[in-house]
Ligand code: IPE
Ligand code: IPE
Ligand code: MG
């Protein structure tokens, strides 16, 4: 008899009901390093290994969109030594991973106030986005210098300008029009949002887009998170009943 626990999480996933878009708040790098008596940046370096594994694992499974909270607008307030180290890590990681992204047919994308990034970082990022733009597999979106409230305020501003210029009537400002003015206009809403490190908050991430996402929290720290953990989260997601305001009888 085959028992469930000798079957891996991956094998138990129903591929016909995969979340199309998974968003992750990758948290806990600093605590992971501290627990090992190391500097916080050691945690960020190890977090990159988790990113690599999860990107590969998601692509392999058939997830279409993966959006990773990489650096928030609020993270600029960290000590400058950490900010600088993270930006350098970003540049070196893009350089190192670009070959792998091409091999795995991954299309890189970024959301956030990218103009805030240091010049070199910004250029490397745009270069990698351009280079992978023809790829047709997983769309990997990095949220960088990202603030959801800022994104929403920016959308309101864009819409106001269009109304002012007579391109849009106020009555035509629908949810769809609003969504079209967000950084995420070319992405579907995430069905599943994962946060690591045992923190139960959203930290200004995708506030509009996660209106009906299933939330999954794990105590694992990001550098310990691997594709198996992603599969476990997806399996948990598949056990939930998504009712969208209706009754259980209606959705069944
Ligand atoms: C997440 O880990 C990475 C970034 C926010 C850049 P943290 O650096 O927040 O790690 P903790 O939460 O302090 O452990
Ligand atoms: C959120 O993590 C941002 C990223 C994961 C990039 P933080 O560690 O910055 O979140 P808070 O400040 O503890 O909520
Ligand atoms: Mg944190």
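Sequential numbering from 1, following the chain as shown.
Placement of Cβ uses the backbone N, Cα and C atoms for every residue, glycine included.
As written in TrEMBL, here are the features:
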type: ACT_SITE; residues: 27; note: active site
type: ACT_SITE; residues: 75; note: active site, proton acceptor
type: BINDING; residues: 27, 214; note: Mg(2+) binding site
type: BINDING; residues: 28-32, 40, 44, 72-74, 76, 78, 195, 201-203; note: substrate binding site
Cα-to-Cα gap, residue 30 (substrate binding site) vs the residue listed as 'active site, proton acceptor', nearest whole Å: 13
Sparsest Cβ surroundings (other CB atoms within 10 Å) among the binding-site residues 28, 30: 30
Recorded positions close to ligand 1 - of 27, 28, 30, 73, 214, only those whose C-beta is under 6 Å away: 27, 28, 30
Length of the line joining the Cα atoms of residue 202 (substrate binding site) and the residue listed as 'active site, proton acceptor', in Å: 14
When distances run from the Cα of residue 27 (active site) to each of the binding-site residues 76, 195, 214, the nearest one: 195
Integer Å distance between the CA atoms belonging to residue 214 (Mg(2+) binding site) and residue 73 (substrate binding site): 24
DSSP-derived class (H/G/I helix, E/B strand, else coil) of residue 28 (substrate binding site): coil
Of 32, 44, 73, 195, 202, 214, binding-site residues neighbouring ligand 2, Cβ under 6 A: none
Of 73, 202 (the binding-site residues), the residue whose Cβ has the fewest other Cβ atoms within 10 Å: 202
Recorded positions close to ligand 3 - of 44, 75, 76, only those whose C-beta is under 6 Å away: none
Between residue 44 (substrate binding site) and residue 75 (active site, proton acceptor): CA-CA distance (Å): 13
